[in-house]
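Q: Straight from TrEMBL, here's the annotation block:
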{"type": "DOMAIN", "residues": "392-428", "note": "domain 'RING-type'"}
{"type": "DOMAIN", "residues": "451-484", "note": "domain 'RING-type'"}
{"type": "REPEAT", "residues": "35-67", "note": "repeat 'ANK'"}
{"type": "REPEAT", "residues": "68-100", "note": "repeat 'ANK'"}
{"type": "REPEAT", "residues": "135-167", "note": "repeat 'ANK'"}
{"type": "REPEAT", "residues": "168-190", "note": "repeat 'ANK'"}
{"type": "REPEAT", "residues": "202-224", "note": "repeat 'ANK'"}
{"type": "REPEAT", "residues": "236-260", "note": "repeat 'ANK'"}
{"type": "REPEAT", "residues": "270-302", "note": "repeat 'ANK'"}
Amino acid sequence: MDIDKNIGKILRGDLQYIQEYIKQNSRKINEANSWGLTYLMIACRLGNIDLINFLIDNGADLNMEDGDSKTASHYAVFAHRCDVVDLMVSKGANINSGDHFGNTPLHCAVEKNCEDVVKVILKTRVKEMNKANNNGGTPLHLACIKGHKHIVGHLLKCSPDVNLGDITGFTPLHEVCNEGNAEIVQLLLKLPNIDVNRADKDGNSPLHYAAYRGHIDTVPLLLQQPRINLNMVNITGNTPLHMAVQKQHYNVVALMLSQGNVEMNMKNSDKLTPLLQAISGGHFGMIHNLLSHGADINAVDNNDNNCLHLAVRKEAFHSEDESLGGILDEYCTKLELSLEDKLSGLVVAEYLAYHGANFYHENKQNQTPMELIENAGLREKMQTFFPPPLPCKWCEENKPTITFRPCGHVVLCEECCSKIPLKRCPECLLSITGKYGVDGSQCDAESIYTCTICMEQRWNMVFECGHTTCKECGNQLDRCHLCRKRIERKIIIKQC
């Protein structure tokens, strides 16, 4: 084909030949080869100003597209030639045309880090600063992904939509937090309209990604933002703290725990708290840090496993901070194990039990952590340190299941707790600030203590059948208002 021969002539610099050819065959000025390449595209790619001017003056189509929908302006960008881009714009080329992937010449200049070309295009007051490619990415998205700080600065001067999300919901801030480019994060956070809590389609904020990736330089910049939602949850219920624990980024976890408003006991869709995640991941340093900041040691997952169920199943734990291993020395010695075993699952479980975890809590398979200890000798030793709990102090029959806070004592079953309006723990007489069931949920004090007759007074009278009323209502009854049994005895309950 003449076109392939002519392109070869252009590539070899024989401009006189192509000029003569066009003069004799003016109708072929826009002919293209099998790839869709025209003479003007080749001239722009080579950056030959004289040939470009000649072709344009003789009727070359400035906006003709090749097989990938690229125009001559795209090829001018690929040549890194500001003068060629400027010439094409001055001659009326469409600088906003997208290729097969939706990328405009500005997208291409940003991706190739052609800062001077970007500045030339921006001077043309490009109409579609926020034009997205097929992935929903704007030029600003690409600059953030590639880490082109100076280009980001030029783009921001043109006031793009900094909160625009791509097809996954990623904003430019998501991109740089995911990549960990702290310098560009700082540039974006200076913008008054930046949305630091914008969620992508999975519900993740920029902080989720910074925490997940362990970007210790980026996370503090986000935490300093007054509008930051430190406890934002994604579609799986994970907070940024969950993400950092999951990927075992110890320094990020420590940094987030230093924030006064971090929620340490939030549960994800698997009902895992960050503490339960840290135990599942075998990271003792995180476990110790979380407990030091008040993490709930009695939390259970969706199978009702508590921290000890998870710990005794782990063969070994690890710690980023070697000095923390010394904390376990005394627990290791009590079990008469070698200090080499101090990070074993059983020693960590002992540590957790001394911090209030329950070795006799049953999961949905009716298994207790104590039963999961395979070594009979070690199980017997552990039982001497942590004997089985006594029955409910009130009925002396049922298993105690209600945990009092802040003391942590478990001395009453749920049924008795619902009948006895205690204000103090019967074990230690410490004032009760909360009562929690086996699933970690708080008991509704008002509903379980209200008289079922008047619905106003709190229960303080119990019949032998087990049903309750307030004293005023109960004194008027000969038979139980619920089961109709004759009342032989009325017991007045005094609040502790």
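Glycine is treated like the rest: Cβ placed from N, Cα and C.
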Q: Who are the chain neighbours of the repeat 'ANK' (236-260) in space, where the CB to CB distance is under 8 Å and they lie at least 6 residues beyond its ends?
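A: For the repeat 'ANK' (236-260), the far contacts come to 202-203, 205, 207-208, 210-216, 219-220, 223, 230, 266-270, 272, 274, 277-278, 281, 283, 285-286, 289-290, 293, 320-321.
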Q: Determine how many residues of the repeat 'ANK' (35-67) DSSP places in helix, in strand and in coil.
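A: Split by secondary structure, the repeat 'ANK' (35-67) comes out as 17 helix, 1 strand, 15 coil.
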Q: Under 8 Å between C-beta atoms and at least six residues away from its ends: which parts of the chain pack against the repeat 'ANK' (202-224)?
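A: Counting only partners 6 or more residues beyond its ends, the repeat 'ANK' (202-224) has Cβ contacts under 8 Å with 168-169, 171, 173-174, 176-178, 180-182, 185-186, 189, 196, 230, 232-236, 238-241, 243-244, 246-247, 249, 251-252, 255-256, 259.
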Q: Please spell out the DSSP helix, strand and coil residue counts for the repeat 'ANK' (202-224).
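A: Split by secondary structure, the repeat 'ANK' (202-224) comes out as 13 helix, 0 strand, 10 coil.
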